[in-house]
Amino acid sequence: MGDSKPIPELVAESDAFQRCPDCGRYLARTGNHRCDTDKPSQNPPNRAERDRRARADTRGDDTPVGVFGRSGANTYAYHDLTNGQPRCGCHRNADADELDVVTLGRAKERGLSPCGNCRRLR
C-alpha cells in the first residue's frame, strides 16, 4: 500500500461517488441521501435558508414547477412535477386541486424554495 492515495482522495476522484451540494458529504451514486439539515421534523426553513436553496437551483427559469395555495401546508416550497403531480408525492396528503403550475422563475420571485423531498429525488 506504500504509494496508495488516501481514501478521501480516491472517493473524490471516483465516478462511483458524488458530493452532496448542500452538506458536502460523499455518497454512493444511488440518489438516496438526506442531509442532516433536511430532517422532515425540522421546522420550515427560515428566509435565509430558503433563499440559499432557491439560488442553488440552477435549472432554467422557464422550468415548470408546482406550488400549493397559501392556505395549504408547505407553502414555502415549489415542487418538481412528474406527469403534472409533485414528484415527492405530497399531493396525496394535500388537495391536489390547489396545485398551480408556474415557472421556476415565478416561484423564486414569490420567495419559494425547492421542496427538500423533490430535491433529493431529482
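Don't overthink the numbers, they just go from 1 along the chain as shown.
Glycine too: its Cβ is placed from the backbone N, Cα and C atoms.
What you see is a predicted model, and the numbers here were worked out from it, not measured in a lab.
Taken from TrEMBL as is:
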COMPBIAS  47-62  compositional bias 'Basic and acidic residues'
REGION    31-71  region 'Disordered'
Positions whose Cβ lies under 8 angstroms from the compositional bias 'Basic and acidic residues' (47-62), at least six residues beyond its ends: 21-22, 37, 76, 103-105, 108, 111-114, 119
For the compositional bias 'Basic and acidic residues' (47-62), what does DSSP give as the number of helix, strand and coil residues? 10 helix, 0 strand, 6 coil
